[in-house]
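Visitor: Grabbed the feature section from Swiss-Prot, which reads as follows:
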ACT_SITE  5  active site, charge relay system
ACT_SITE  65  active site, charge relay system
BINDING   65, 66, 177, 194, 242, 243, 269  urate binding site
REGION    283-308  region 'Disordered'
């Protein structure tokens with residue numbers, strides 16, 4: 001039994017910058033200014049005291065979902081942290097502190113990202129990023145989910161997930177797909193080298209969920225760095241399947257971040273199909289694949305890294 005509000009778009013200007021994150025070899029990301037901090041939020045609440053609203057039409061204990069929306073928007077102005085997950089914990093704890101009839105809260109959000117735009121420098125010699133004008137990004141975005149309940153009246157985190165979603169990558173060569181089952185149902189030809197196009201969502205959980213909040217930035221895992229690990233491993237590895245590729249990405253993520261307990265993948269194969277291979281050199285013409293498309297899901301933890 002639960003209810004809530006979703007698609008709550010909230011934007012905060014000049015939020016606290018994210019600074020002091022640990023850098024890694026695969027990424028140049030070392031922080032974000034948070035001049036624009038945007039989220040698409042979903043909140044779900046639980047509590048036995050809400051049962052009469054379902055069984056008897058008695059709304060005495062019901063917090064209207066419109067009020068939940070307003071609560072989220074108001075708290076965006078009160079939040080003094082720098083991370084998506086930190087804001088979710090701040091809002092979730094606020095709900096539990098404010099409404100005793102709520103026994104558990106789950107708050108999740110997709111980050112709304114903004115791209116920096118170049119403008120001429122004042123002296124006309126080159127370009128610099130504008131600190132006023134941004135472009136709404138169509139690229140991948142961060143994700144977070146925080147679940148909370150009470151322990152002796154104090155809100156505590158019971159579950160946490162962070163992620164980067166909507167990552168789309170194309171590798172023009174250096175990927176294969178061979179050695180799979182050949183039977184009367186097989187029509188797909190083996191490919192020793194192919195242009196591989198995948199869409200990818202990556203999720204991770206910390207050993208200590210408090211690390212997800214970003215209060216100690218050196219233990220925070222930015223989604224931008226995980227994104228960069230994915231494309232660097234894709235560039236480095238000659239994979240024989242998408243399964244092979246995401247496993248190698250997972251190993252690298254766990255290697256770089258010992259504070260993580262697990263990493264999970266949801267991948268979709270969007271590989272283009274060859275139309276012409278008779279062009280000079282390595283050139284070819286390809287087309288979009290028809291529906292249906294293949295997908296892969298995989299979870300791994302530190303035990304997988306220890307076995308290497």
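Every residue, even glycine, has its Cβ placed from backbone N, Cα and C.
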Visitor: Which whole number of Å gives the largest C-alpha distance between any two of 65, 66, 177, 194, 242, 243, 269, the residues noted as binding urate?
Guide: 50
Visitor: Taking Cα-Cα distance, which of the recorded positions 5, 177, 194, 243 are within 10 Å of residue 65 (active site, charge relay system)?
Guide: 5
Visitor: Could you break down the residues of the region 'Disordered' (283-308) into DSSP helix, strand and coil, giving a count for each?
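Guide: Taking the region 'Disordered' (283-308) as a whole: 5 helix, 10 strand, 11 coil.
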Visitor: Checking the binding-site residues 66, 242, 243, which are within 10 Å of residue 5 (active site, charge relay system) at the Cα level?
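Guide: So the list reads 66.
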Visitor: Just counting, how many other CB atoms are there within 10 A of the CB of residue 242 (urate binding site)?
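Guide: Result for residue 242 (urate binding site): 22 neighbouring Cβ atoms inside 10 Å.
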Visitor: Name the residues of the same chain, 6+ apart in sequence, whose Cβ is under 8 Å from the Cβ of residue 66 (urate binding site)?
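Guide: Counting only residues 6 or more apart in sequence, the Cβ neighbours of residue 66 (urate binding site) under 8 Å are 5.
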Visitor: At a 10 Å cut-off from the C-beta of residue 269 (urate binding site), count the other C-beta atoms across all protein chains.
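Guide: I get 16 for this one.
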Visitor: Taking 10 A as the limit, how many CB atoms besides its own sit near the CB of residue 5 (active site, charge relay system)?
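Guide: There are 20 such Cβ atoms around residue 5 (active site, charge relay system).
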